[in-house]
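Structure first, then comments.
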Amino acid sequence: MSVFNASDIEIPTFVLIGIPGLEHVHIWLSIPICLIYLVAIMGNCTILFLIKTETSLHEPMYYFLSMLAFSDLGLSVSSLPTMLRIFLFNSTEISSDACFAQEFFIHGFSAMESSVLFIMAIDRFIAVYNPLRYTSILTVRRVFKTGLIFATFCIAVVLPFPFILKRLKFCKKSLLSHSYCLHQDVMKVACSNNRINVIYGFFVATLSLLYLVFISVSYMLILKIVMGITSHKGRLKFFNTCISHICAVLIFYVPIITLAALHRFAKNISPVIGVIIADIFLLVPPLMNPIVYSVKSQHIRNLIQTKFCEKYHWWEIPASMKAWVTSLYLNTCRH
């Protein structure tokens with residue numbers, strides 16, 4: 001085993017990557033990436049603003065949605081600095097302290113998002129299993145207490161990551177395999193024993209997969225209850241209450257599972273695919289969740305439309321233009 005002297009070890013500088021082989025078009029790729037960040041941040045801020053200001057949205061389901069929007073907003077802001085530096089300015093180096101801080105926030109908000117998706121699954125189960133007692137079971141006090149407990153748990157679980165990375169020795173500038181810092185990515189380039197990091201990282205990943213198992217079990221129970229309803233219209237009504245959450249779960253977990261499968265079973269695959277899927281994991285959920293909930297929730301959709309009309313004086317627009325915009329909007333929502 002090598003013996004390290006702290007005086008012989010350089011202060012580590014990590015090198016992030018954009019999309020390998022496409023460095024010459026990074027400046028053009030920065031345009032859609034900036035648009036995705038802009039839409040994601042505006043969309044999640046809109047959801048948070050509506051839920052805060054509209055008393056009609058002061059219900060358990062929408063409080064949980066605000067927690068999801070907050071997690072998505074945190075994910076976007078956490079990865080924004082390095083992504084824009086790489087694709088806009090081709091600046092790939094990041095100091096160790098900045099890297100460890102970024103991976104803490106990315107893992108923290110990811111853990112919060114998986115926790116919120118789990119809580120929302122329980123919320124949907126209660127709504128289907130016992131709709132008459134739904135509001136009495138999920139009171140405002142219980143909702144906020146649940147959110148606070150899970151947020152504290154996520155911070156406690158992720159908090160050791162920067163400290164167990166700090167204890168590792170890095171002998172040179174290390175090339176990472178993503179556009180942002182992740183615990184599993186940084187620990188691989190260490191030149192000292194990282195066994196503790198491997199074990200603890202596996203423990204945290206297992207917790208995330210357990211959330212997915214619990215979500216799946218809750219939907220199996222929901223499906224069993226719904227299939228017992230004789231009315232076809234009643235079944236559709238209950239399915240419609242869950243479809244937005246199912247989409248959010250798929251949007252969040254499919255990239256994670258795909259990336260894990262590629263690392264495990266497709267070791268000879270092009271690194272470009274892994275980088276793109278990893279970027280999708282951070283870019284797509286914050287972008288799509290507000291869109292999914294705005295399209296599928298008629299209440300939120302109507303409020304957004306009302307606010308838009310008030311802001312831009314809808315009544316001053318010519319009738320022909322109103323008809324065209326309304327038709328386009330309805331067709332979009334149907335699809």
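Every residue, even glycine, has its Cβ placed from backbone N, Cα and C.
TrEMBL: automatically predicted annotations, no manual curation.
Here TrEMBL flags 43-293 as domain 'G-protein coupled receptors family 1 profile'.
Positions annotated as transmembrane segment by TrEMBL: 27-50 (among others).
Using a Cβ-Cβ cut-off under 8 Å and counting only residues 6 or more beyond its ends in the same chain, the transmembrane segment (62-84) has close neighbours at 16, 30, 33-34, 37, 40-41, 44-45, 47-48, 51-52, 94, 102, 105-106, 108-110, 112-113, 116-117, 119-120, 123, 140, 143-144, 147, 179-181, 248, 279, 282-283, 285-286, 289-290, 293. What TrEMBL records for 62-84 (among others) is transmembrane segment.
Look at TrEMBL and you will find 104-122 (among others) tagged as transmembrane segment.
Listed by sequence, the residues of this chain that lie at least six past the ends of the transmembrane segment (143-165) yet keep a Cβ under 8 A from its Cβ atoms are 60, 63-64, 67, 100-101, 103-104, 107-108, 111-112, 115-116, 119, 183, 186-187, 196-197, 200, 204, 207. Annotation comment: TrEMBL describes 143-165 (among others) as transmembrane segment.
Nonlocal intrachain contacts for the transmembrane segment (198-222), taken as residues 6+ away from its ends with a CB within less than 8 angstroms of a stretch CB, comprise 107, 110-111, 114-115, 117-118, 121-122, 124-125, 128-129, 157-158, 160-161, 164, 183-184, 187, 238, 242, 246, 249, 253, 256. The transmembrane segment annotation in TrEMBL covers 198-222 (among others).
Under the heading transmembrane segment, TrEMBL lists 243-266 (among others). The list of residues near the transmembrane segment (243-266) in space but at least 6 beyond its ends in sequence, with Cβ under 8 angstroms from a Cβ of it, reads 68, 113-114, 117, 120-121, 124, 208, 212, 215, 219, 273-274, 277-278, 280-281, 284-285, 288-289, 292-293, 296-297.
Outside the transmembrane segment (272-293) by six or more residues, the chain places 17-22, 33, 36-37, 39-41, 43-44, 46-47, 65, 68-69, 72-73, 75-76, 79, 83, 106, 113, 177-180, 244, 247-248, 251-252, 255-256, 258-259, 262-263, 300 with a CB less than 8 A from a CB of the stretch. Annotated transmembrane segment per TrEMBL: 272-293 (among others), in sequence order.
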Surrounding residues of the transmembrane segment (27-50) on its own chain - C-beta under 8 Å, 6+ positions past either end: 18-19, 57, 65-66, 69-70, 72-73, 76-77, 80, 83-84, 87-88, 283, 286-287, 289-291, 293-294, 300, 303-304, 307
